[in-house]
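Database features, via TrEMBL:
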type	residues	note
REGION	1-51	region 'Disordered'
DOMAIN	88-382	domain 'SLC26A/SulP transporter'
TRANSMEM	90-112	transmembrane segment
TRANSMEM	178-199	transmembrane segment
TRANSMEM	253-272	transmembrane segment
TRANSMEM	293-311	transmembrane segment
TRANSMEM	331-350	transmembrane segment
Amino acid sequence: MKDRKNATPHTDADLQELYTQTAPQHLSKRSNARSEFSTRGSGDIFDQKTMGMSEGPVLPPEVPLKEKLKASMPSLHWLRHYDRSKSLRVDIIAGMVISFMVIPQGMAYGMLAGMPVEYGLYSSLLPPLIYMFFGTAAHLSLGTNAPISILVADSVTAAISTETDCSDDVNSADCERILNATLVLCILCGLFYLIFWMLRFSIIVSFVPDPVLAGFTTGASVIIITSNMKHALGITTVRGQLWEIWGSIFENLGNINWAAFAFFVVSYMTIMGLKEVNKKYKEKLAVPIPEQLVVLVVCTLIVAFSGVDVPKVRDIPEGLYTPKLPNFDDVGVLIQPALICSIITYILTVNVTKALGNNYGYEIDADQEFIANAICALVGGVL
């Protein structure tokens, strides 16, 4: 694996653009970067005749425990070859930017998932650390993202037949059940990842048509825009189908909070403008301008010191979530949604990691990604 040179954090829009540019190449390739010990699974059979022995199949030699450990933890390999003089500085900068950005992003994704905003922060703490040890993409910070947050929200509300969520009212009657069902869904996804890994289902990525992924991400984008319009305009909308939400938006246009709308427009234009600056002066800038961080800091300072009237998130509880096993009463109705979530999440994650690998010149082990995602999901369902 090459050094993590010029590593920069990627937003959902950046990763989607990168995936769109590289999809035709990486979807047509089969992952061939597995080391010898990772490809010689217990199900492989060697032909004795080609090995100069008597005919008939035999099991491969036992793989040493040390090699198995190396295969399951790619970090043991790349850490030994990590060039601190070239990569440490940019990695520290990228990590700092991501750590700042994950605060508003985590809260936003928590709201998209129908959860209290602090749960978006909880789910952003451990997955990046776990993926660093078990994942194979050097430039991926695994955590919450918009399409999966929406998928989780829809899966949970449909499975337990509720029309409310916890993003606006944490004291609602259904909130406790929603929180519990989401944690169970997370654990089930982790178990499905392990089953897929044992069955070597990574080949499914090769058979997913690119238009299917494009359609899913486009549909998710429409839902994301719709769900965030009430925050951009500073209004209240009803919950329901897409057309019902847009109808509610148009009905409440007379109640627009113009200060909130101004923040939305200026923030969006600033981010797009700084992206163009980064592209135009890429060779001249020692480090790309962190456009999201700039907007975050400036807007936070303006709201904090000007007293401008814009909607704000509620107070975040102090401390961390106490680890505990959820109640599994709803496990039966969550199995099918968990299966769908695990498949879609894996396909999206692996295709993004392959796009990053193609862009930066290293290979991705699709089977190992099952392990990384499984551990992240299982830990996330408890912590």
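Glycine too: its Cβ is placed from the backbone N, Cα and C atoms.
Just so you know, TrEMBL annotations never went through curation; they're auto-generated.
The transmembrane segment (331-350) is not in contact with the transmembrane segment (90-112), judged by fewer than 3 CB-CB distances under 8 Å for residue pairs 6 or more apart in sequence. Predicted-model confidence for the domain 'SLC26A/SulP transporter' (88-382) is 87, expressed as mean pLDDT.
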